[in-house]
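Student: Pasting the relevant annotations from Swiss-Prot:
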SIGNAL    1-23  signal peptide
CARBOHYD  S23  O-linked glycosylation site
TOPO_DOM  24-226  topological domain 'Extracellular'
CARBOHYD  N128  N-linked glycosylation site
TOPO_DOM  248-656  topological domain 'Cytoplasmic'
REGION    269-289  region 'Disordered'
COMPBIAS  274-289  compositional bias 'Polar residues'
DOMAIN    392-646  domain 'Tyrosine-protein phosphatase'
ACT_SITE  C587  active site, phosphocysteine intermediate
Amino acid sequence: MRRAVGFPALCLLLNLHAAGCFSRNNDHFLAIRQKKSWKPVFIYDHSQDIKKSLDIAQEAYKHNYHSPSEVQISKHHQIINSAFPRPAYDPSLNLLAESDQDLEIENLPIPAANVIVVTLQMDITKLNITLLRIFRQGVAAALGLLPQQVHINRLIEKKNQVELFVSPGNRKPGETQALQAEEVLRSLNVDGLHQSLPQFGITDVAPEKNVLQGQHEADKIWSKEGFYAVVIFLSIFIIIVTCLMIIYRLKERLQLSLRQDKEKNQEIHLSPIARQQAQSEAKTTHSMVQPDQAPKVLNVVVDPQGQCTPEIRNSTSTSVCPSPFRMKPIGLQERRGSNVSLTLDMSSLGSVEPFVAVSTPREKVAMEYLQSASRVLTRSQLRDVVASSHLLQSEFMEIPMNFVDPKEIDIPRHGTKNRYKTILPNPLSRVCLRPKNITDSLSTYINANYIRGYSGKEKAFIATQGPMINTVNDFWQMVWQEDSPVIVMITKLKEKNEKCVLYWPEKRGIYGKVEVLVTGVTECDNYTIRNLVLKQGSHTQHVKHYWYTSWPDHKTPDSAQPLLQLMLDVEEDRLASEGRGPVVVHCSAGIGRTGCFIATSIGCQQLKEEGVVDALSIVCQLRVDRGGMVQTSEQYEFVHHALCLFESRLSPETVE
């Protein structure tokens with residue numbers, strides 16, 4: 001009987017244990033990673049084995065004792081299985097909240113300045129609730145705070161770190177109030193933390209902003225919203241660039257069409273030329289007195305292609321042009337005095353076959369104008385014309401540019417020594433260097449021309465381009481050969497593009513056979529003066545180098561005073577070096593600013609000696625010697641302003 005009663009009691013206890021009455025939640029000790037992964041967790045259910053054990057025991061009991069109480073005992077299964085029902089596992093519940101509502105991974109949006117990151121050697125995927133509780137208590141003890149004030153915000157598996165924050169003592173549940181990380185770390189007992197939590201292997205405790213800020217910012221950038229923002233920004237940028245390119249292309253097409261229209265409408269009108277009647281028409285057989293015949297007038301119209309079309313009109317219907325040479329305002333290269341293409345074919349430069357340049361009618365007319373044009377201005381007239389800029393512009397447009405046809409220079413490969421392929425030296429006034437050998441004609445070439453001065457003085461100036469890397473030796477050879485006392489440089493080394501190379505040394509340099517020494521440097525307001533000594537063998541020459549740097553890019557100076565002062569200083573040095581060679585003047589191409597300086601210098605001498613000035617004749621004379629001198633109408637006006645400023649300084653006694 002005792003055996004019959006004891007066995008069911010034992011089965012009852014086993015079923016109670018299987019129902020969870022004595023064991024609390026055994027799955028609390030599962031790893032955090034198992035809960036976090038949201039995968040189904042299979043928990044071993046003790047009740048299944050216990051059920052099997054009970055069934056076996058009952059079968060044995062029935063077999064041995066055959067007691068009528070067997071039916072009553074077998075009914076205990078339903079009572080045992082229904083007592084203390086186990087709730088189904090819900091993965092949405094936080095593992096840390098199941099046993100301790102105060103200990104949970106909160107995942108709150110805490111500012112980076114309030115977050116502390118603790119780096120562990122221990123794998124954080126193995127942390128369960130017990131270990132996290134120990135960790136929180138250890139951190140709280142090291143800070144001297146309550147464990148409830150230490151909050152584990154999240155676990156960072158990639159870097160094996162625990163992110164936590166500390167709340168004030170009066171924090172209410174659900175609030176995100178937290179203390180500053182820097183303030184918390186100042187009160188942290190690091191040694192105590194390592195001693196109290198040795199099993200975690202704490203390697204570093206730092207604010208979140210120094211450890212994870214870059215990662216968070218990168219996560220924000222490559223988030224869905226960040227990706228859309230980048231795509232939108234790139235799309236807007238591409239649209240803007242495309243619109244700018246379209247506008248630029250439309251502007252280029254408009255300028256091209258306007259330029260083509262100007263070329264089509266370009267005409268040169270010559271003054272009427274009386275045509276003599278044929279002798280057979282002028283005489284009558286039976287009369288000694290011949291009536292005067294109204295002379296017919298031949299008008300010659302030269303189209304842009306250089307073809308002459310004669311047109312005969314009666315003199316009574318012919319209107320005389322107020323100017324002997326009138327030209328509509330056109331571009332710089334169209335006014336070059338030649339219809340030959342400006343493109344220089346480098347492959348044809350090596351040809352040694354001699355050729356003869358034939359002047360076209362237009363070139364002959366242009367040269368006649370350059371040699372005869374004149375407009376003498378008194379001092380009062382000079383002041384008046386300076387106030388009328390439109391008159392100066394119209395006058396400038398009538399002056400032929402007189403650029404040189406490349407075929408006129410019979411030197412193979414001379415294009416390698418030209419800075420600009422359309423700016424070439426006039427052959428009649430070209431500076432020829434002494435050849436290194438008889439067969440090397442290229443060694444005699446330099447892009448420079450002798451320029452006549454006041455009263456037609458020969459070789460008063462040399463106008464040349466800014467030296468290039470391969471022409472620096474040629475430049476110094478020319479200065480030595482011509483015994484030039486002064487060099488005037490009116491350009492910077494670079495203005496958007498390279499304008500001139502640095503062709504002088506800092507102290508001493510050797511260029512070919514010429515040694516150059518810098519003996520002194522003087523800084524003035526608008527230019528720098530260098531005293532140079534040139535040596536070749538036992539001979540020496542003293543040269544002054546003026547570097548004018550105040551000329552602005554792509555326009556004329558606002559005031560002519562600095563250039564006028566430079567001109568006066570150069571003129572003083574030239575007079576002190578009487579008997580020596582020409583003054584060398586260069587800018588970049590050797591025609592624009594160079595022409596302004598030389599024209600101003602000649603005009604000032606004329607005003608000083610005669611009391612009048614003929615700027616038109618001066619510029620025409622310069623273009624005969626070197627094509628394109630005084631390159632733009634703005635520079636032509638600037639020359640008149642400089643002459644007017646010089647005139648205002650002359651004494652009233654100067655004869656007009």
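Yeah, the Cβs are placed from backbone N, Cα and C, and that goes for glycine too.
Could you give the neighbours, burial and distances for every feature on this list?
Tutor: All chains included, 17 other C-beta atoms sit within 10 angstroms of the C-beta of N128 (N-linked glycosylation site).
Same-chain residues at least 6 positions away in sequence with a Cβ under 8 Å from that of C587 (active site, phosphocysteine intermediate) are, in sequence order, G466, M489, I490, T491, K499, C500, R593, T594. Secondary structure from DSSP puts C587 (active site, phosphocysteine intermediate) in coil.
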